[in-house]
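Okay, structure first, notes after.
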Amino acid sequence: MDLLSVEAREAGRSMEAPACILELLGMLVYVGAWLCALASTILPQWLTMSTSLLPIESYDLGLWETCVVQDIGGIECRSYDSLLGLSSDLKLARILMCTALTVGLLGILVAIPGLHLINSCKDSDGHQTKRTLTITGGVLGMMSGLLCLVPVSYIAHLAVMHFFDEKVPDVVPRWEFGDALFCGWAAGFLLMVAGLIMVTSSRCSQVERHPEPQRRCQAKSTDRYCRKQSEYV
């Protein structure tokens, strides 16, 4: 009986190793993607524009400020004067990006106690609680990624529409994609991947724990068989 229990524990630990690796990978991607989304929100290079009239200067448009960049290395940024004076596009992008950061941070805080490496909730009921926390954190991560992709893709869509607008003369400068847009796309994609990894790791741990009751039943049946044999002897 003791030998069977020891073997069951060793098998359970070896089976939990892949789930732990998936959880760590998902959490690392999660945190990195959230920091990338934070950088995309703060950076002013959402849209950039350069003109042939002033080749030594370029203009950057962000969610919080506009900047003038000179080729000699100087940069001058200015925040928007009024919130009410902003366009509806920038207001929507601000709201969605801040919401994405909030949901992503909440998902990280929820998923951390659900990691196998965190010594909490080690009893039988605690495993279900940790699995629920991991799944919740993963779902919040995917929601955060979707909320991040929407404003970035929307601003990019507007830039493309204005760039190819035939009503605007060719001499008029046009806004083009900035570095913050690509950073936002990467952040949204990685957030969704991290959330999917977290949910997958919890599913793997659930599948791996199913054989445990079967081992106990086998151990109990073996013990009963041995007792019957001793009674006959």
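Count begins at 1; order follows the chain as displayed.
Placed from the backbone N, Cα and C atoms, the Cβ positions cover glycine too.
Automatic, uncurated: that is what TrEMBL annotation is.
Look at TrEMBL and you will find 21-43, 92-112, 133-157, 177-199 tagged as transmembrane segment.
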Outside the transmembrane segment (92-112), six or more residues from its ends: residues with CB under 8 Å to it: 26-27, 30-31, 33-34, 37-38, 40-41, 46, 63-64, 118, 133-134, 136-141, 143-145, 147-148, 150-152, 154-155, 184, 188, 191, 195, 198
Tertiary contacts of the transmembrane segment (21-43) (same chain, 6+ residues out, Cβ under 8 Å): 62-64, 97-98, 100-101, 104-105, 107-108, 111-112, 115-117, 134, 137-138, 141, 144-145, 148, 152, 178-181, 183-184, 186-188, 190-191, 193-195, 197-198, 200-201, 204
